[in-house]
Amino acid sequence: MHTVLTRGNATVAYTLSVLACLTFSCFLSTVFLDYRTDANINTVRVLVKNVPDYGASREKHDLGFVTFDLQTNLTGIFNWNVKQLFLYLTAEYQTPANQLNQVVLWDKIILRGDNAVLDFKNMNTKYYFWDDGNGLKDNRNVSLYLSWNIIPNAGLLPSVQATGKHLFKFPADYATSSI
């Protein structure tokens, strides 16, 4: 006969193997789902100022101010394998110095069970919209889009971009009044 330790080891090893197979099966049940949804983004107010960036240097850089509206329904994304969503609004633009600039302006965490219908009006950005030069003034091709990371119970950590983005332009003159 086998000892108690040998039987215990076999039982624990078998249990862990079954749990690993179940976890993988659970992951497979949601890996091919489409997590995209529509997002309506609109800019309400857009300003650009040329101010010193004391965090990086004393040179003047462009600082953008964007007020936006955001409407989307994320309830269809939640299933048994979605623990939470990490949403973030990104601005993407080109300058003569850089082909691709991406700046995260706003973020939010939505837990399972929270209200996943977003209807925000006149929202200010959560983070500063700094450019590393003077590339915001009169920039006519800035796009805003909503993305999210899905935090699952088991499996991959997908990054998903919403369908629909908003294009806007910065004014040709710097704002002189205080914001």
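Here the Cβ of each residue, glycine as well, is placed from N, Cα and C on the backbone.
Here's what Swiss-Prot has on this protein:
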{"type": "CARBOHYD", "residues": "N73", "note": "N-linked glycosylation site"}
{"type": "CARBOHYD", "residues": "N141", "note": "N-linked glycosylation site"}
{"type": "TOPO_DOM", "residues": "1-12", "note": "topological domain 'Cytoplasmic'"}
{"type": "TOPO_DOM", "residues": "34-179", "note": "topological domain 'Lumenal'"}
{"type": "TRANSMEM", "residues": "13-33", "note": "transmembrane segment"}
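Across the fold, the C-alpha of N73 (N-linked glycosylation site) and the C-alpha of N141 (N-linked glycosylation site) stand 27 Å from each other. The Cβ of N141 (N-linked glycosylation site) lies under 8 Å from the Cβ of Y93, Q94, L167, K169, each on the same chain and at least six residues away in sequence.
Outside the topological domain 'Cytoplasmic' (1-12) by six or more residues, the chain places nothing with a CB less than 8 A from a CB of the stretch. Per-class residue totals from DSSP over the topological domain 'Lumenal' (34-179), listed helix then strand then coil: 3 helix, 80 strand, 63 coil.
According to DSSP, the topological domain 'Cytoplasmic' (1-12) comprises 9 helix, 0 strand, 3 coil.
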